[in-house]
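Per TrEMBL, the features are as follows:
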DOMAIN    28-336  domain 'Aminotransferase class I/classII large'
MOD_RES   Lys220  N6-(pyridoxal phosphate)lysine
REGION    1-33  region 'Disordered'
Amino acid sequence: MSELGPRLRPTLDGIPTYKPGKPASADSFKLSSNENPYPPLPGVLEAAVAAAGTFNRYPDMAVSGLTAELAQRFGVPAEHIATGTGSVGVAQSLILSAAGEGDEVIFAWRSFEAYPIITQVAGATPVPVPLTADEAHDLDAMLAAITDRTRLIFVCNPNNPTGAAIHREELVRFLDAVPSDVLVVLDEAYREFIRDEQVPDGIELYRDRPNVCVLRTFSKAYGLAGLRVGFAVAHEPVATALRKTAVPFGVSQLAQDAAVASLRAEDALLERVEALVQERERVSAGLTAQGWTVVDSQANFVWLRLGERTMEFAEACGRAGVVVRPFPGEGVRVSIGEVAGNDIFLATAETFRKEF
Ligand SMILES: *Cc1c(COP(=O)(O)O)cnc(C)c1O
């Protein structure tokens, strides 16, 4: 008997495993995963606890309560909403719906690290397009990268990890130029943190464009990262495909009920978001005053391009008590968290800058 193991798909060999943000030790701040630093609101926690009493049952497979709530909140037909296990889950369903072996998926790079992974899991070919010198999507280069094998394009607005956002005029010009049979996914995981009025709301752009799909999540502004719930807003054929390719019963009843409670507590949540935006502005201004070149971040994190000194900087932050997210050879992304954590980061950046 030979000792061959089970034959797995060769496409998996080239796939990096997803690297989660480093966990923080008890005495340090975790600024590595763009999480909301605030604990759940009391009403949201109560809804989740109540749902926990029924977890011997499967969740509502149609996710009807949350879907109805979202449809009303965004003024879209319920049929245009598809939920999933985080927006990463929905993004994976989008690729499974649109791209297979030999098909191409375009995205900016560096951008959200799940894009190349989920593309390759589906057997499709990732086509990364470098960011511009000012850390933004190069939409012209992305248009130029379209071939007759292109099936899907991710546009991450604002971009993770750089925070740069695309303005309305530029995005509309891009959407108008993309062939109508290519699906464009506007990943708006940080939508609630945008304050630049020139950044469009993807939900307005999707309405008269059947090839545009918007991705949103409850993980960031709404503070439900641990419950895994996100959604897409898309026209029927796409939304229907998403329901076919999603893991059945993927969104737990806890997650569904907590998401509904979050939407109902939106005013309180958006106050917290506003406080985080104020902190982002304070941290960005502090970095600029120290002499760093800082992207105008429209998300809940800031980006420092440190090149070869990235790991050194991340280690200095770690020693000082904040865990940040390094991308070796490129830069660090630092989530906006508790004021005390942000202060430690700023102090470390200042010391490092002087030696830079
Ligand atoms: C955090 C993030 C998501 C959301 O992930 P979830 O699966 O919803 O937790 C999606 N897209 C981008 C760009 C992100 O940064």
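Each Cβ is built from the backbone N, Cα and C atoms, and glycine gets one as well.
Just so you know, TrEMBL annotations are computer predictions that nobody has curated.
Model confidence over the domain 'Aminotransferase class I/classII large' (28-336) is summarised by a mean pLDDT of 97.
DSSP states for the region 'Disordered' (1-33), grouped as helix (H, G, I), strand (E, B) and coil, give 5 helix, 2 strand, 26 coil.
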